[in-house]
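Peer 1: What TrEMBL shows for this protein is this:
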DOMAIN    6-180  domain 'Beta-mannosidase-like galactose-binding'
DOMAIN    320-458  domain 'Glycoside hydrolase family 2 catalytic'
DOMAIN    679-772  domain 'Mannosidase Ig/CBM-like'
DOMAIN    776-854  domain 'Beta-mannosidase Ig-fold'
Amino acid sequence: SLRGSWRLANGNGSVVLRGEVPGCVHTALHRRGLIQDPYYRFNDMMYRWISLDNWTYSRTFKTPFDVRKSQKVNLVFEGVDTVAQILINNITLGRTDNMFNRYSFDITSVIKEVNFVEVRFLSAISYAAEQSRCHKAYSIPPVCPPPVQKGECHANFIRKEQCSFSWDWGPSFPTQGIWKDVRMEAYNHYHLIHFSLTSFFVKSAWQWSLEIESIFDVVSSKPIAGLVTVSIPKLQTQQTFSVKLQPGEGSIVLLVNINKSSTVEAWWPNGHGKQTGYNMTTTFIMEAGYQIEKFSKAYFRTVELVQESIPGSPGLSFYFRINGRPIFIKGSNWIPADSFQDRVTYDILWLLLKSAADANMNALRVWGGGVYEQDEFYDICDELGIMIWQDFMFACALYPTDQNYLESVRAEVSHQVRRLKSHPSIILWSGNNENEAAIASNWFSIPYADREVYIKDYVMLYVKNIREIVLTEDKSRPFIASSPTNGLESVKEGWLSQNPYDTHYGDTHFYDYSNDCWNWTVYPKTRFASEYGFQSWPSFSTIEKVSSTEDWSYTSNFSLHRQHHENGNDQMLQQIGHHFKLPQSTDPIKKFKDMIYLTQVMQAQCIKTETEFYRFSQSEIIKGEGHTMGALYWQLNDIWQAPSWASLEYGGKWKLLHYFAQNFFAPLLPVAYEDKGVLYIYGVSDLHVDHKLTLRVVVHAWSSLEPVCTLAKDSVTVKAQSAVPIYKESINDLLERCRNCTRKSCVITFCLVGEGGLQSPMNHHFLSSLKDAVGLEKTQLSASVSQRDDIYVFVLQTTAIAPFVSLDVGNIKGRFSDNGFLMTEKKKVVVFYPWEPTSVEELEKALTLTSLVDVV
């Protein structure tokens with residue numbers, strides 16, 4: 001391994017320091033104290049010089065063995081970011097130009113006992129600009145990001161993390177560095193380069209089988225014969241194959257049939273079963289050279305993307321069947337967890353992904369403007385049962401298709417599919433993010449006469465290259481060319497549909513910041529909602545770390561600087577204004593904190609309304625629309641501390657939205673909506689069997705903790721994996737029944753209760769905007785904290801009904817069992833799960849309790 005400390009120098013040698021590999025220039029400078037935290041205040045602008053310079057990594061290393069005894073020696077880079085010349089002992093080995101590729105250089109003839117290796121980087125910004133200049137025939141939009149993003153231009157001309165040139169939720173830090181492992185490999189006879197396994201269920205034989213692919217480099221001049229034994233003890237399966245490896249690089253594919261007398265436990269998504277994996281050993285015993293033993297996990301699951309006609313509805317369905325069972329996809333979209341990938345540790349990934357699973361999510365979409373995630377990311381998803389919709393790394397742009405570019409992309413796709421295809425969590429490959437829509441909706445104002453050339457490029461890149469490779473490399477999961485797309489209908493229309501947002505086909509992305517988000521009628525009754533969202537600000541404790549006192553107001557330069565979405569801060573105010581009074585405090589810091597709180601309340605309530613709409617639409621067709629089978633809101637996580645669509649802040653803290661997600665994605669949930677003055681409640685279930693339950697509907701006056709009236713409807717049947725209407729009453733009748741209630745003075749809460757502790761979360765339905773609520777009283781909220789084993793128990797007390805009660809313990813890492821709730825009882829117990837050691841004293845000191853009535 002050549003990990004560790006390297007020498008790092010800028011272009012003219014005026015800055016020289018030690019830099020860790022894997023790593024990048026920014027983190028090296030920061031670690032050595034040569035720059036501040038790049039995320040602090042306006043440093044993204046102050047530190048542009050780092051990305052504009054050309055840096056060089058170099059080191060010497062001793063060869064740890066007698067070189068002459070090895071037939072072949074390679075220098076292998078798992079990832080180089082991005083454009084570099086690689087030299088050893090002053091001899092150029094080659095160049096890199098793709099962050100997502102693996103590079104292996106043959107150094108057999110140039111290696112010595114002591115070696116000097118250099119990686120000379122070129123600024124990604126200048127390289128992208130140069131590539132764009134060289135593309136003379138026609139321009140490839142977009143040229144630059146919108147000014148509000150404070151970003152760099154021509155990101156589409158470099159095979160690098162697209163959002164590193166800025167995005168509408170993230171800064172511009174076009175890094176340089178050796179971002180993944182680097183090592184030297186030496187071998188005789190033969191060497192295993194790549195190993196993967198995918199499972200199939202053979203219906204005709206009613207039997208599982210595994211396809212095992214091994215890619216070898218055979219150094220000897222004649223073929224090497226030998227035996228390969230595959231063994232899965234738990235499944236009483238062992239098979240031996242005789243193989244012959246031809247000289248050069250080649251692959252062998254083995255088909256292992258699982259013993260029929262063994263019961264195979266399949267891999268299931270979170271909430272639908274276990275994530276069973278089986279230990280498997282593969283042993284290669286060849287006539288020449290050493291024996292190789294490969295230990296891996298074998299998982300068994302099937303995936304189908306079903307696009308069929310639906311009775312009573314034009315178009316086609318769009319849903320996933322896992323192990324033959326239709327699964328409603330619940331989750332969010334994943335972006336890079338940091339601008340500097342070397343800071344993304346296993347622990348950070350675990351915390352974010354575990355938080356997704358804890359909020360009842362079963363899926364995430366790895367979005368196409370970031371990176372193909374590290375192996376550990378997918379390992380954790382395999383373990384937690386989080387299905388992955390995997391984009392290829394192309395987003396919101398058109399891309400070149402010249403020979404060099406295509407060759408680089410082909411290598412990238414082939415490498416990534418081989419690296420990732422063994423993971424059962426990955427259920428779909430998707431060619432790009434929003435590029436079909438970009439052409440169809442003409443985002444870049446391309447004159448009609450020039451469209452053909454861009455359409456041809458689109459098909460060339462995503463269909464003739466990417467899709468071809470995916471189909472060759474991996475027959476075990478579906479592929480779509482874009483998102484949003486009309487699926488098979490897009491294919492029929494030559495891969496570019498008239499309207500990729502059509503609700504009757506494929507998936508949709510939907511954003512609307514001006515309409516009232518509590519009004520469910522504005523949402524598309526789509527087959528699959530793969531992106532939708534609203535922004536909010538992260539907690540004060542998160543902002544505080546990267547700001548100073550003068551920044552702490554909603555209209556400060558800092559607040560404007562961190563908002564990378566045009567009019568984003570105003571749009572949040574507008575959306576809040578529909579239902580809440582804006583803070584008027586004369587204390588500027590209290591006013592800022594109140595604003596932050598309201599943005600989080602608004603975001604949580606908006607996405608709750610929209611997600612519940614998608615969930616209750618799964619079993620019905622209304623006016624030809626419906627059968628919604630997926631809800632992935634935008635976005636799960638943050639890349640830095642700033643306003644964004646995320647439900648998890650940078651650092652992992654849960655926003656109120658994430659607590660709401662735990663409820664609106666619950667396996668069993670009653671959902672209410674109003675239509676023409678009638679209240680409808682649906683029973684939504686992801687459970688595998690029907691349940692007879694009791695629906696409890698309680699009406700409270702805002703002014704009293706005692707309910708005005710209670711209704712229990714018994715033996716309500718909530719059907720397995722569906723959404724069915726279980727209750728209907730006109731609001732007038734309800735107000736009549738619950739005397740002294742008006743729309744403004746009362747609120748409805750409801751839940752489903754069954755046998756053996758089966759219970760849904762408590763849900764609520766507002767009968768008016770909270771700014772118009774009558775009878776809301778100032779409340780005295782208090783909490784006592786005690787420790788129980790590794791967790792902390794908060795006993796909350798209130799003197800009046802309190803909407804959106806928020807518990808915040810500042811910088812203490814951890815999460816609560818519930819938050820942002822409507823408190824309609826005197827007492828409530830909330831548990832705090834710490835992610836690091838803390839104490840009762842620390843928690844008491846850090847705790848702030850806020851409810852809507854505290855905002856003045």
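Note that Cβ sites are derived from N, Cα and C of the backbone, with glycine treated the same way.
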Peer 1: Can you give the mean pLDDT for the domain 'Beta-mannosidase Ig-fold' (776-854), rounded to a whole number?
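Peer 2: Taking every residue in the domain 'Beta-mannosidase Ig-fold' (776-854) and averaging pLDDT yields 97.
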Peer 1: Kindly report the helix/strand/coil residue split of the domain 'Mannosidase Ig/CBM-like' (679-772) according to DSSP, in that order.
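Peer 2: Taking the domain 'Mannosidase Ig/CBM-like' (679-772) as a whole: 13 helix, 52 strand, 29 coil.
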Peer 1: For the domain 'Beta-mannosidase Ig-fold' (776-854), DSSP counts of helix, strand and coil?
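Peer 2: Taking the domain 'Beta-mannosidase Ig-fold' (776-854) as a whole: 10 helix, 38 strand, 31 coil.
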Peer 1: Could you give me three numbers for the domain 'Glycoside hydrolase family 2 catalytic' (320-458), the DSSP helix, strand and coil residue counts?
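Peer 2: Grouping H, G, I as helix and E, B as strand yields 61 helix, 28 strand, 50 coil.
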